[in-house]
Each structure stands twice: as structure tokens, then as C-alpha cells.
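Written below as C-alpha cells is the structure these notes are about.
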Amino acid sequence: MFAFRKLVQQQQRQSFNYLFNAYFGTIKPFKLPDLGEKIKEATVKKLYVKEGDIVEEFQTIADVATDKLFTQIPSSYAGKIHKVFHKEEDTCLVGDVFVEIEVDEDHSGEASTATHHHEAKQEKKENTTISSGATTSTESKKSQPVVDNTYENDYVLSTPAVRSLARQHNINLKNVRGTGKDGRVMKNDILDIISGKTKPSTPETTKPKAASTASSSGVLNETVKTTVKMSDFQKGMQKSMTEANTIPHLYLKDEYDLTNLTVLREQIKKSQNQSITFMTFFIKAFSLALKEYPILNSLYDVNKPFEYTLVQNHNISLAVDSPKGLVVPNIKNVQNLSILDIQKEIKRLVKEGEAGTLGPKDLFDGSICISNIGTIGGTYTGPLIFAPQTTIVGLGRVMTLPRYINKSLDPKVEDLELAPRKIMNVSFGCDHRVVDGATVTKFSNKWKSYLEDPSTMLLHLK
């Protein structure tokens, strides 16, 4: 009887201590933060903490994935993990309590204040209208070559600070031998590579064994089928393309002569010792044409069928291949960027896309999309709109083809000559509920004129 009464008293004390700590703020509920526009839930892919672990403020506690992105969740508090509410592969709603953290009374107020200050600063930054060219990160003076771009997992154990340091020095975290717990890559591991003390490892590759599908007589025994579950990014593509299939698409196809633009690129390369990609010119000329035909840079909400939203910012989306699948980040406010600004931003997005480190700000708020299949050898495409956008354009590869050109300076006189020209096929896909055929044709002609005669862009460049 005495032992039972003692057990009840102990449980009462524990319950009282928990309620006291929760009420007076020493146990802090950490909720799954807002991950971006329209995201309501995320799948827990990796947990880095368990109950009883000590965590620092901003330390990564989990990796989560949605149908649009893969990101790390940092802790808002320093303290001890009191309770974990989700396990790996669980689905957690945005705003639900993810973990409870027992915080020292002396630091709980500071952590909370710092967190709210950080959030307020971020909100203020997001609500500020950008009126000048975007600031891009300074390139590292000493870069480390990437040894291998093969990704075996969706994540590498490391903190955001370590990832940032690795990106600055062009180091692939997959090729770094982590010295931390469970192979976690530490800051010193990156610094050792930068200083030359150690070298990145090269992942071993093994040849897959061929499946045995034939008998000794050479006759096929049976049909071999394998059910494959979609990754989170493939699920996102499935949802986007299913939605795109409900859009009445209007298609326009044309070919652009990029011979003069090719000559200009070579001249810049020789005189400035700098190579400007075709895509950089495409995007800037695209933005200039949008100023005359802004309806292509609009969004359509199916719940408001008789209106559309014009977007003043030219946030041009690019389809980028990543280890997890195709992602569509965007370059913000292209109308305010120079040619060199756009070039830097393309390099950054491609680099972070290949590393799988694109953030929500890169992936959301796109207003129009360019898909360049030409980089992998495609010629024609029928692109599907990335809703709620209303326009997408697909670019084929640049080919040298014979075309007749008029040598006469008088446009009314024909003096035709067959000559090799740099030709690119262009395919527009537009939401016919918003954009009509005449408008997209006029837009294409304007964009085409800028690219076929780059000197015409000079008057409009800032």
C-alpha cells in the first residue's frame, strides 16, 4: 500500500512539473513552419533527434519533403528534446507541433525573441518590392572542383552552415567523408578539403547484375515486372501534369534564326574573355517582349473563372534537372536585371538544383516558364503549362541548317542566297482561356526580332 501511494505521488509530481514547465514556457512546442505558398503538409524523410537529445538553436532536426521541394527544418530553440511527435515517413501538417523542446529559463526568452525577430525580418524582406538589380552572392576566390555528381541518397548529414560553406567552394557533400556522428559532415571536414589537407573521395560505382530472363534454350521464360513507388518529386510532377491536362492549350511553333546572336556571343567572348550563354539572352529578350504583351505574364485561378491576375514582376521559371527529379525554380524580377545579373542567377539555380539545395524562395512565385530541351538534344516539344501560369515556351537545340536569306538592302527586292544559318525551333503553350492566338504570335514576333537582331535590344536595356 505504501509503495502504491509513493508511485501515485511520483506520477502526480511528474504531471505537475510538466504542466508547470509548459505553462511558464520552459517546454516550448516547435511547430512545423510554413514551407511556402500553398504547402499544407510535408513528409518526414529523416529525423536527426530523439527524445533526450540536446540541440542548439538553428540546428537541423529533420529533413522533410513535399511534392514541390526537399528541405531541412532547423530548431528555433536551444535545449533538450522533450518529446518527438512524428517518426520518419509520417505526414505532418504545417502548424502542427513537431517536437517539444525543454529550454533553460535563462535562454527561453532570448531564443523566442531572436526567432520572432528573424521571422519579422524575413517577412519584411519578402514584402519589399525590388526596384533595382538583384544582389548575387560573391563567387569564391578559390573553388574546389566537383569530383562526382552521382547522388545515392536524397540527403547528406550536415548543418545548413556546412552546406553553405560547401556551396561557396563548389564542394560536393556526397564526396566528403564525414567525421561526425553517423557520418555527419562537419565544418572541419570542409575546411580540410579547402586547405588541401584532405581530398574529396570518389564514390565507387558497381555494374548492376543483369536479370536472368532466358532459359538455357534461349527462350524467354516469363515477363518480369516491377512496381515502383513514385518519389515525392515524381508525385509533384504527377499532380502538376494532371492539373495541366485540364487546361485548354493553344500551341504556336516557329523557328528563330540565331546566326547574328551567335556572332555577338563570339565577339563578347573574344573581347571580354567571358562566355554568355544563349539562355541569358533568351531570358532578357523575353522580359523585354513581356513589357509590350504583359497578358502572357499572368496567372489564372480556376475558382475565379472570369478573371486573371497580371503579374508586374517578371519571375521567369526555368526547368532544371536535379538528383530528385525535374524542379522549376525562377529568376526573380528579370525586368530589373542586367545580362550579367541573369547569367549569375542561372548559374546559381543550376548549381543548387544539381546539389538538391534549392529553397522555397527559389521555387515559388514564378509567373512564366521557359523549358530548354535543346541542352539534351531535343528539337521539338509540346510543353504543358505549369499552373497557375498561363504561358510556357519550349526551346529546341540550335542547329546549323540551310536557309534562304535576302542579300538585298531593299526589303521590296528579293536577292536570295542559300546559306548555313543557326536555327532554333520554339514552341509556345498558352492557356487559351486567357491568351489568344494573335497575341502569342505578336509576342513571338517581338521576341524573335530581339534575338535575330540583338542590336535592337540595346535601346531597351537598363
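Placement of Cβ uses the backbone N, Cα and C atoms for every residue, glycine included.
Listed features, source TrEMBL:
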COMPBIAS  116-127  compositional bias 'Basic and acidic residues'
COMPBIAS  128-138  compositional bias 'Polar residues'
COMPBIAS  197-217  compositional bias 'Low complexity'
DOMAIN    27-102  domain 'Lipoyl-binding'
DOMAIN    157-194  domain 'Peripheral subunit-binding (PSBD)'
REGION    107-147  region 'Disordered'
REGION    195-218  region 'Disordered'
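Here the domain 'Peripheral subunit-binding (PSBD)' (157-194) has a mean pLDDT of 81 out of 100.
Per DSSP, the domain 'Peripheral subunit-binding (PSBD)' (157-194) is made up of 23 helix, 0 strand, 15 coil. In terms of DSSP secondary structure, the domain 'Lipoyl-binding' (27-102) contains 0 helix, 40 strand, 36 coil.
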